[in-house]
Amino acid sequence: MIAAQLLAYYFTELKDDQVKKIDKYLYAMRLSDEILIDILTRFKKEMKNGLSRDYNPTASVKMLPTFVRSIPDGSEKGDFIALDLGGSSFRILRVQVNHEKNQNVSMESEIYDTPENIVHGSGTQLFDHVADCLGDFMEKKKIKDKKLPVGFTFSFPCRQSKIDEAVLITWTKRFKASGVEGADVVKLLNKAIKKRGDYDANIVAVVNDTVGTMMTCGYDDQQCEVGLIIGTGTNACYMEELRHIDLVEGDEGRMCINTEWGAFGDDGSLEDIRTEFDRELDRGSLNPGKQLFEKMVSGMYMGELVRLILVKMAKEGLLFEGRITPELLTRGKFNTSDVSAIEKDKEGIQNAKEILTRLGVEPSDVDCVSVQHICTIVSFRSANLVAATLGAILNRLRDNKGTPRLRTTVGVDGSLYKMHPQYSRRFHKTLRRLVPDSDVRFLLSESGTGKGAAMVTAVAYRLAEQHRQIEETLAHFRLSKQTLMEVKKRLRTEMEMGLRKETNSKATVKMLPSFVRSIPDGTEHGDFLALDLGGTNFRVLLVKIRSGKKRTVEMHNKIYSIPLEIMQGTGDELFDHIVSCISDFLDYMGIKGPRMPLGFTFSFPCHQTNLDCGILISWTKGFKATDCEGHDVASLLRDAVKRREEFDLDVVAVVNDTVGTMMTCAYEEPTCEIGLIVGTGTNACYMEEMKNVEMVEGNQGQMCINMEWGAFGDNGCLDDIRTDFDKVVDEYSLNSGKQRFEKMISGMYLGEIVRNILIDFTKKGFLFRGQISEPLKTRGIFETKFLSQIESDRLALLQVRAILQQLGLNSTCDDSILVKTVCGVVSKRAAQLCGAGMAAVVEKIRENRGLDHLNVTVGVDGTLYKLHPHFSRIMHQTVKELSPKCTVSFLLSEDGSGKGAALITAVGVRLRGDPSIA
């Protein structure tokens, strides 16, 4: 008993001693966490270089764009063929995807040989062989008459400019077919299929095996955004933000990048950690100086690395008592499968004995322990290096998402990861230490990369079909120049109807005379009050206008709110509230006393019989105060002043906000003869020749016409360009059937159009995973400011997602792109329609004056015009295209329509003293 214990103790001591000797001998292969973090940092830099246009040509890690832009979302379906070429055999699969109740994938496959004479022959021979095998497969499955979509897994480095094209950069593994490097493998395969002529195939996608792995796993777990292969070779791919990929146009969304990380170190960046054994292995390989990282990591080389170590240690008398056999000296006699067998927990030592005996050495027990430890060091180094490079990818994903902690899934395939008894456990453990702020789930690819190629094809098909349906819907919003010319022509017709006495009563565009007959001439002088009412808030202003050499306008104002109960109460209550606020303002300014002239900006449709009289036609914008419609608002204001008996006012002018805007700008720029508002609502006014204004007597001079163009189309004349979404928005509005042109343009409604399109797309499964959330059902959720923010060129998709999240909409990257597209299409149409309307106005002025060319300025106000990043540019462009004989300048109204009301009042006071203009 004691003898046995002593023997065991002696053996353990011997074993420990031998392990220490080997640790010392292979010290350079044992990498500390400090070194691994340094490698992680180096690889991160290499990735950045590969993505950069400037550094990519010389980068060793090529970071190849794959043009795979989306992982499966679970709605894919169809019948597909997958080809998988990249190893000793060639696999063809038929993959059927359906999701009637539970989504499932059924697969049938056949394996075909790729003999040495074919992989080392010509490219023509190779692709003829692939086409023959595909023909045989389709014959067996009785699908030769079907033109099924084909996904092609081609596991070699390729440069792609689209998903159905792949130009081979260089052969790897044992492939050497001539005439293929630098050629598009899809064209070569199509040529071979065409040559046979007995079947047809539609090659939709070419993918690398790593991408195939990611897509296979992505079908089961939509969090999967990394693919990893650790087998004969090694590689990884991941979903990168398009804005970081210089080699591909566009910055919206994501694209899968095939890193081709096997070449990491080919530029010398890993020389400090490569050992003499790595260098010897490289010298004897088919591609010296290439794929240096892969040669330190992958299954193709691991057994050979161990063999080289055994030979050197035996030569130095540290193993096998210095015995060296011909078998031990023969390359390929010690395989990675031997490494896996030797590292097994229980039978590892026994396996070592059998394998070493096969090599002709007669190993002692200590030799077997030593060889097991050598295998452990080599395979552990591999796991550590892969953990470092994968750690760099995870850090990059985390940084891209701007999140403190990353949760993601990595799809994995490869014999080394799957078959080696300790590899995956060691690899996961190291990764957790290197990237503690990432929670990573590893998902084993059960079906190989063929299913992945089919899934890429299925996703490409789904996206193409979705794209077709989305484009079909959005096409109704895309207006051709011909359509816009027609809108311009129709508005001209409506304008003529509104101006004529006999047709005015039937006209929808009312063309209301404003009795403003002159723009400021610079002689206006004095102190004026202005009242600006057009929404839930209103302003009272004191405007001090000074003429002379230095014309100045000094303004003081105070903003007051109108409670909802007053907006929707009685007319007396509304005007009493307004007068109460004026009283407060006069006290605030210390000017209560003298009777002051007042201009009243009243932004609702009014029929005017004089400058100081405006009969309200109808309330808009949520106002419902009773006993106002059909009454003169100036009289209602005067009556309320009398009831208060505190002060007196001289109501000189009732002005629409559009007219006020024109006058404000005309004070600065005398060529300003048009006013435009594009904000919550939209409207325009312009200086019309009196001879054309049949509703007012007199033919001399001009008068500003308040078009009230928001009602354009209320008679059905725009029904052919109104979409179903416009109709829904109109139906649920407060004034159904009214202001139809406004509802296609103004900020009050654009968000609603967008929301309804998003609901439609969500129902069809294109958005938000098909889930219509409560916020999306909420009317008014998309305010103009959100549309402006979402469409801003400066905003990355992450920020767009943040805005949508703020609105309670959890979106993916693809969702954000689609939302941005919808916003863009809706706002572009609004700008174009507004431009068509403005083109009609400027052409009318030009024709009125019989000019070959008109130079005119438009005074503009409104949040949509001011804040939206593209609206003004598109509108200006449309006006230019539709009215080429007019040069139109746009001047932003800085001081709102209140200043305009004061100026109109000043002009009115000036004209009172000029009897020639009555």
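A Cβ is built for glycine as well, from the same backbone N, Cα and C atoms used for every other residue.
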Fill in: Annotated phosphoserine residue, as Swiss-Prot has it, among SER89, SER337, SER816
SER337
Response to the item:
D-glucose 1 binding in Swiss-Prot involves THR172, LYS173, ASN208, ASP209, ASN235, GLU260, GLN291, LEU292, PHE293, GLU294; of SER155, SER161, SER340, the partner in that site is SER155
Item to complete: Select one of GLU573, GLU731, GLU742, GLU752: the residue that Swiss-Prot places in the D-glucose 2 site alongside THR620, LYS621, ASN656, ASP657, ASN683, GLU708.
Response: GLU742
Worksheet, complete the sentence: Students should find that the Cα atoms of THR784 (ATP 2 binding site) and GLU260 (D-glucose 1 binding site) sit apart, in Å rounded to an integer, by 45
Discussion item. Can you work out the mean pLDDT of the predicted model over the region 'Hexokinase small subdomain 2' (521-655)?
Written reply: 88
Fill in: Spatial separation of ARG426 (ATP 1 binding site) from ASP657 (D-glucose 6-phosphate 2 binding site) - C-alpha basis, Å
73
Worksheet, complete the sentence: Among the binding-site residues listed as LEU85, THR536, THR680, the Cα nearest the Cα of ASP209 (D-glucose 1 binding site) belongs to LEU85
Practice prompt. Provide the three-state secondary structure of SER155 (D-glucose 1 binding site) computed with DSSP.
Written response: coil
Fill in: Reduced DSSP assignment, GLY534 (D-glucose 6-phosphate 2 binding site)
coil
Practice prompt. Quick one: among the binding-site residues SER89, THR536, THR680, THR784, THR863, which has the most Cβ atoms sitting within 10 Å of its own Cβ?
Written response: THR784
Discussion item. Nearest by CA distance to THR680 (ATP 2 binding site): which of the binding-site residues is it, out of ARG30, GLU294, GLY534?
Written reply: GLY534
Worksheet entry | Pairwise CA distance, LEU864 (ATP 2 binding site) versus GLY534 (D-glucose 6-phosphate 2 binding site), rounded so that it is a whole Å | 16
Worksheet item: Non-local Cβ contacts of LEU867 (ATP 2 binding site) (under 8 Å, 6 or more apart, same chain)?
Response: THR784, LYS785, SER788
Practice prompt. Could you list the residues of the same chain, at least six apart in sequence, whose Cβ is under 8 A from the Cβ of GLU294 (D-glucose 1 binding site)?
Written response: GLY233, THR234, GLY262, ALA263, MET300, TYR301
